Amino acid sequence: MSKEGGGLGRVFVVAGFVFMIYVVFTGALTLVDLIVGFSTAIVVGVLSSDLVVKNSSKAFELRRWVYLLFYTLKYLTVYEFKAHLDVVKRILSPKLPVNPAIVRVPYEVDDEYAVTTIANSITNTPGTVVVDIDVVRKVMYVHWIDAKAVEDFKAREYISEDFEKYATKIFG
Amino acid sequence: MPDLRTFIIALSLITVSAVLGYALITYGLAPVANQDLVKLSRVYLGTVFNKSSVLWGASPEVVTSIIWDYRGLDTVYETTVFFVAVISALTLFRNVKITPSNTGRGVGMTVIVKTVSKIVFIAIPAVAVSITVHGHLTPGGGFQGGSTFSVASLLMISVFSLNLVVARGWSKEKLLSIRTLGLLSVGFVAFSTPLIASLLGLKGYLMQNLEKPWAPVGWPAEVSLASASSILVSGTLIVLNIAEFVAVSAGLSLIFITLSLPTNVLEEGGGVAR
């Protein structure tokens with residue numbers, strides 16, 4: 001338990017999250033809720049922190065949180081808008097201009113939260129869906145409504161380069 | 001090219017839904033219930049919901065205040081039924097050994113599902129405990145909270161594999177002990193009032209909740225902690241809810257674990273003829 005970012009730090013990170021969920025779900029901050037929420041958070045933290053968090057020291061770096069906030073806003077506005085606009089155009093066009101294909105998209109991050117961020121960012125934008133992932137070869141298989149490129153790294157440029165850049169800064 | 005018939009069908013469907021929607025919004029939401037109270041509701045509102053009455057149920061919620069004293073009975077019966085159900089299920093698989101070596105390979109789903117489920121997994125207990133502890137103020141309670149919690153076990157089993165759950169130490173014996181602890185607490189609360197009352201030479205009822213003028217032993221409705229204003233704990237209810245939560249969480253989780261065992265393990269251990 002004495003690895004870097006392990007032990008008590010992990011418990012603290014998990015407990016903090018659980019306590020936040022408790023307070024938000026309960027919608028009250030009475031003394032009882034503080035006591036019960038705190039004890040629940042500690043118990044869950046002790047029992048599950050080794051499974052949930054690998055390196056807790058990352059959670060205490062402000063730079064990562066700033067990037068997370070920035071990426072969240074940029075993703076929900078810019079990337080989502082672009083992707084929606086593109087798919088709306090395809091749907092409304094009478095010619096139905098689709099060129100679907102499943103392409104292989106490599107990734108380079110190691111942290112599982114970073115991998116999940118990239119994969120969910122790809123899936124959540126219309127037009128691209130991650131259908132499978134190979135963690136040994138470090139590639140995702142992405143279904144793409146308009147395959148502009150089928151070569152691995154060319155496809156990554158179109159699909160996930162920006163997502164990976166931010167995921168590395170937040171979780172990597 | 002849609003013909004005239006399709007067009008007319010579509011148009012009439014739109015018209016019907018528009019008319020129905022308009023009617024529902026305009027007339028459907030108007031009050032239809034009789035605003036006068038019937039005699040029975042007058043009686044209840046004047047006694048169990050009325051703080052100045054000796055029969056006050058100590059609940060800010062009308063339904064709970066009416067069924068307050070029955071809730072203990074409800075919990076004990078519900079726990080009994082659940083106890084019998086779990087025991088019956090475990091009897092069928094009584095010789096099944098649940099060990100890390102016979103619970104499959106433990107591969108689980110992809111890293112994406114696992115990571116997302118981890119976040120959900122630690123959020124579920126917070127919600128479950130909140131439902132349990134506010135059981136006397138809301139429609140929640142121990143059974144609801146325990147069922148919510150067991151979803152976390154189910155999530156663990158389906159996403160991370162049964163093998164991981166067992167390997168992390170959630171053995172049959174451990175879960176059975178936790179469940180028994182919850183059941184014993186329910187029993188203790190049910191017998192506590194008449195026991196103490198009989199020791200003091202007073203009248204007391206089985207599963208009695210709050211004190212009554214003719215039976216003055218009961219669990220406190222409110223508790224004061226330090227300088228803070230008194231906290232409504234509602235007599236036995238909060239204790240019963242927590243005990244029930246513990247029993248149901250452990251019992252349901254054990255059932256989920258047992259039912260997720262590979263078929264050959266169930267057949268070997270269940271004494272089923274092959």
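Quick reminder: no glycine exception, Cβ is built from N, Cα and C everywhere.
Annotations in TrEMBL come from automatic prediction, not curation.
The transmembrane segment annotation in TrEMBL covers B:7-30 (among others).
The feature transmembrane segment is assigned by TrEMBL to B:76-96 (among others).
When pLDDT is averaged over the domain 'Na+/H+ antiporter MnhB subunit-related protein' (B:112-253), the result is 86. Here TrEMBL flags B:112-253 as domain 'Na+/H+ antiporter MnhB subunit-related protein'.
The transmembrane segment annotation in TrEMBL covers B:116-137 (among others).
As annotated by TrEMBL, transmembrane segment applies to B:149-170 (among others).
The transmembrane segment annotation in TrEMBL covers B:182-206 (among others). Outside the transmembrane segment (B:182-206), and at least 6 residues removed from its termini, the chain residues within Cβ reach (under 8 Å) are 72, 75-76, 79, 83, 214-219, 236, 239-240, 242-248, 250.
The transmembrane segment annotation in TrEMBL covers B:226-257 (among others).
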Close approaches to the transmembrane segment (B:226-257) from elsewhere in its chain (Cβ under 8 angstroms; 6 or more beyond its ends):
58-60, 64, 68, 71-72, 75, 78-79, 82-83, 86, 89-90, 98, 128-129, 132-133, 135-137, 141-143, 145-147, 149-150, 153-154, 157, 162, 165-166, 170, 172, 175-176, 178-179, 181-183, 185-186, 189, 193, 207-210, 218-220
Can you count helix, strand and coil residues in the domain 'Na+/H+ antiporter MnhB subunit-related protein' (B:112-253) using DSSP?
93 helix, 6 strand, 43 coil
